[in-house]
Amino acid sequence: MSLVSNPSEVAENTSNRLQALDDFGVRGSLIGVIISAVLYGMAVLISVVCVRLLISSKQIYHSKRRLFALCLHNGLMLVCGTEALVSECWLTVQAIERKLSLEMISAAASLADPGIVSTSSSVRVNLSPIVLPLTVWGADGFLIWRCLVLYKGVRGFHRVMLYVFLGSLALMKLIGGCILYYYTSPSHPSVFPVQLLVFSLTAVGNILVSAVIAARLLYAERLSTAFRSPDSTRADSPYIRALVICVESSGLIAIVALVGVVATITLPHEYNQIIPMIFPQLCVISPLLIVYRIALGRESHIIRQQDTQVLHTLIVFNNAATLSVNSSHADHGEV
């Protein structure tokens, strides 16, 4: 506490005090909570639709363990999204209470002695949810798994190089997530340099994996052009559809991560908390979009199979005599 007698200094320090109180990021945290709640509602809706589609198309899954793993991953990511939203709401309420208490203390001190103004430095509150690393691992791990599935037929040196690349990428993501998890604890409130590092690694990692997936799918699509029907277009290729699914899912995370990097550098603390607050929900939605598109494609495959079976079903007439009589009447023009 410092003794201030000049009225102009009192006004200036009071203004600085109010500006310091704004560093708690209350306005930005409220915006982040609202956007996060909307995204969480979308995640719940997509998750329910995914489970319904997976259950309805379970008869064409060759591996029941894969079906169970997809449903389990779906549920765990939704649990992480729920915990992220709850923790964000709780941290926002704490930040608001802390700001109000400081405003009340400042007002009481001003009433007691107008010449006494606190010049304490602003305290920053980290509003990043504790499950942020888990959601990033879940989204990136699912994308790496899809990459392994697409490169399943690769052998020899190329397979070794693929494993080395994906293993290094997974290790990089694991280390970055552990660092972020450690620095989001209350004993380390200054998480912004680590947050910048994790966003950068996430953006670079998703761009690299997207490039690897795109290269594989474009190569397979080029090989399949010789067997494609002349009436079909390039957009009808299943490889192109899979390419769009994976790239749009990973591109969503990469773009938001790049926005998070820019926001962390340029925006004040009050607003650069918005991206970390909505990022867990985007990481939940990203793999759900892939599962949804895959399950939707499998359900469409079942419908086409059922239609084909109906078209190929033989029409059997149980009463041949009735058929012959009706045919003779038709030959004579009788209706």
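For all residues, glycine too, the Cβ spot is worked out from N, Cα and C.
So that you can see what the record holds, here are the features copied from TrEMBL:
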TRANSMEM  30-55  transmembrane segment
TRANSMEM  67-86  transmembrane segment
TRANSMEM  130-148  transmembrane segment
TRANSMEM  160-184  transmembrane segment
TRANSMEM  196-219  transmembrane segment
TRANSMEM  240-267  transmembrane segment
TRANSMEM  273-295  transmembrane segment
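Residues 126, 128, 130, 132-134, 136-137, 140-141, 144, 147-148, 151, 154, 190-191, 194-195, 197-198, 201-202, 205, 208-209, 212 of the same chain, all 6+ positions outside the transmembrane segment (160-184), place their C-beta atoms under 8 angstroms from a C-beta of that stretch. Two recorded stretches are said to be in contact when at least 3 C-beta pairs lie under 8 angstroms, sequence spacing 6 or more; the transmembrane segment (240-267) and the transmembrane segment (67-86) fall short of this definition.
Residues 25, 28-29, 31-33, 35-36, 39-40, 42-43, 46-47, 49-50, 53-54, 57, 70, 73-74, 77-78, 80-81, 84-85, 88, 126-129, 131-132, 135-136, 138-139, 142-143, 146, 195, 199, 241, 245-246, 248-250, 252-253, 256-257, 259-260, 263-264 of the same chain sit 6 or more residues outside the transmembrane segment (273-295) yet have a Cβ under 8 Å from a Cβ within it.
Long-range neighbours of the transmembrane segment (67-86) within the same chain, counting only residues 6 or more positions beyond its ends whose Cβ lies under 8 Å from a Cβ of the stretch, are 33, 36-37, 40, 43-44, 47, 50-51, 54, 58, 61, 129-132, 134-135, 138-139, 142, 280-281, 283-284, 287-288, 291.
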